[in-house]
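S.K.: According to TrEMBL, the protein carries these features:
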- 99-534: domain 'Major facilitator superfamily (MFS) profile' (DOMAIN)
- 548-576: region 'Disordered' (REGION)
- 20-42: transmembrane segment (TRANSMEM)
- 180-199: transmembrane segment (TRANSMEM)
- 205-226: transmembrane segment (TRANSMEM)
- 238-258: transmembrane segment (TRANSMEM)
- 360-381: transmembrane segment (TRANSMEM)
- 393-414: transmembrane segment (TRANSMEM)
- 426-442: transmembrane segment (TRANSMEM)
- 448-469: transmembrane segment (TRANSMEM)
- 481-504: transmembrane segment (TRANSMEM)
- 510-529: transmembrane segment (TRANSMEM)
């Protein structure tokens, strides 16, 4: 596709592209924020049944106190109930979801062998506010028989992410990337603030569902947008570091959660921290690939002139120069554009076009599998890292920070050994790490933690790579749909992940075993995909199908030259 000539003539990552890139990636921080915000929104602190009478004494094992606030910070329901005495002399054993009145107790002791009258808590609870001052759990008493409502929040959000990835990916291929970026970023701000004032649980869940849809939509389309505005020399770095912005969002959640312990204030701060993006997103131009694919040649020429002027270059490139030689009609195309467009019936592409041939069937199934295992493995490794101990806010911050070096290593490898030769070993390494965790003795926690982080590091490389790899494996006309459907499979993995973790009740290492087997198999299948390093982005389905099969000598030479240029550029970036 000769649209790639734009970057050779006007720069692969000069001032114009850099400004667009950092502005678009800045809003991607909000996606990481909203995806992980529920960690503290639905946090459940220690709690017990409340008492109608005033409490004068509290016992918990060998500990004594005069109020529940003295004991709740160290209360563990597995170790027994709290024993309290009221001002009228009654003695109660308080558990999380029930309380028991002691019948005719003689002394106020922790152990009691007499008769008790057990009662269920009727929506009255006392919460420990040491760590969590106010969450939706404490506001709406989402505990005991209502606990499932709190656990439903994240799966519902992920369902919205799944639907949004497919819907907005498809729409972006029809109406353009910029319109979707503007719409989803505006909705992220508005819906994020509305969540803070939802007022009740059901309104909260519905608003979060739509927030998930637009957040997913922005994340899907922004990958396509930055890919179509940057040249081969820097495309690896620009696409991978969108993930870095997502990881920064995770760290912002940890920092904000530590500083703000009231959920609705916390939600407002998270929703407004990227609001400056709304001031300039309406100035974003449409990508040249989309304009050319839709036949908007006049708008393409205007964009070329703008890029050249902003980069301080003379624009000698014309829109007709970007057409394939067989389709060039010179200026006649520009003059007849409005006359010809109505007569050209545009073929409406659907998700079925991803399976247009047996070659594309195998490619799409493998790509979807990588998306799925990337998400499944990421969450299983994250949930399995709770044995790190320590402060929960620091742990979440580190969970985001550990992703940053994985993307740097991934970028370094992708431009030197290729996309396929980076993705496949990363998945194989994650599978091996899972297997090794299984055989590590339980008392060697340091080694188990190291293997867990190794697995997460490897999965992050594959997960970060697959966005760019998907963009390069599919043509312009279905690129957003390919990324959107892949992201949908990713969200299926994130929805399945909690259920996979529940299998630890059957066997403690069963989740790791499942991830390890799947990662290893998918890593082997990845070796069958074509290599896209140094190859120009394709425009038609025929060009995409031809990837990796009998390239012409000329195309091979050009691809090698582009790869060498990319290597030199990244070496320069590394030294800088």
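Even glycines carry a Cβ here, placed using N, Cα and C.
What does the local environment look like for each feature on the list?
M.R.: This prediction places the mean pLDDT of the domain 'Major facilitator superfamily (MFS) profile' (99-534) at 81.
Long-range contacts of the transmembrane segment (180-199) within its own chain (CB-CB distance under 8 A, at least 6 residues past either end) are made by residues 24, 27, 30-31, 34, 168, 171-172, 207-208, 210-211, 214-215, 217-218, 221-222, 225, 264-265, 267-268, 270-272, 274-275, 277-278, 281-282, 284.
A Cβ distance under 8 Å defines the sequence-distant neighbours of the transmembrane segment (205-226), meaning residues of its chain 6+ beyond its ends; these are 20-21, 24-25, 27-28, 30-31, 34-35, 38, 152-153, 156-165, 167-169, 172, 177-178, 180-181, 183-185, 187-188, 191-192, 194-195, 198, 238-239, 242, 246, 287, 467-468, 471, 479-480, 483-484, 487, 491.
Distant neighbours of the transmembrane segment (238-258): 13, 21, 25-26, 28-37, 39-40, 219, 222-223, 226-227, 230, 266, 269-270, 273, 393-394, 396-397, 399-401, 403-404, 407, 410-411, 414, 460, 463-465, 467-468, 471; these residues of the same chain sit at least 6 beyond its ends, with a Cβ under 8 Å from one of its Cβ atoms.
Distant neighbours of the transmembrane segment (426-442): 370, 373, 377, 384, 410, 448, 451-452, 454-455, 458-459, 461-462, 465, 509, 512-513, 515-520, 522-524, 526; these residues of the same chain sit at least 6 beyond its ends, with a Cβ under 8 Å from one of its Cβ atoms.
Same-chain residues lying 6+ beyond the ends of the transmembrane segment (448-469) with a Cβ under 8 Å from its Cβ atoms: 223, 227, 235-236, 239-240, 242-243, 367, 370-371, 373-375, 377-378, 381-382, 384-385, 387-388, 402-403, 405-407, 409-410, 413-414, 419-420, 422-423, 426-427, 429-430, 433-434, 436-437, 440, 442, 483, 486, 490, 515, 519, 529, 532.
Residues 154-155, 158-159, 161-163, 165-170, 172-173, 216, 219-220, 223-224, 349-351, 353-354, 364, 367-369, 371-376, 378-380, 383-384, 463, 466-467, 470-471, 473-474, 510-511, 514-515 of the same chain sit 6 or more residues outside the transmembrane segment (481-504) yet have a Cβ under 8 Å from a Cβ within it.
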S.K.: Can you say which of 20-42, 360-381, 393-414 has the most Cβ pairs under 8 Å with the transmembrane segment (510-529)?
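M.R.: If we count Cβ pairs closer than 8 Å to the transmembrane segment (510-529), 360-381 scores highest.
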S.K.: Residue list, the transmembrane segment (360-381) vs rest of chain: Cβ under 8 Å, 6 or more residues beyond ends.
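M.R.: For the transmembrane segment (360-381), the list is 354, 423, 427, 430, 452, 455-456, 459-460, 462-463, 466, 469-470, 473, 482, 485-487, 489-494, 496-498, 500-501, 511-512, 515, 518-519, 522, 525-526, 528-530, 541, 544-545.
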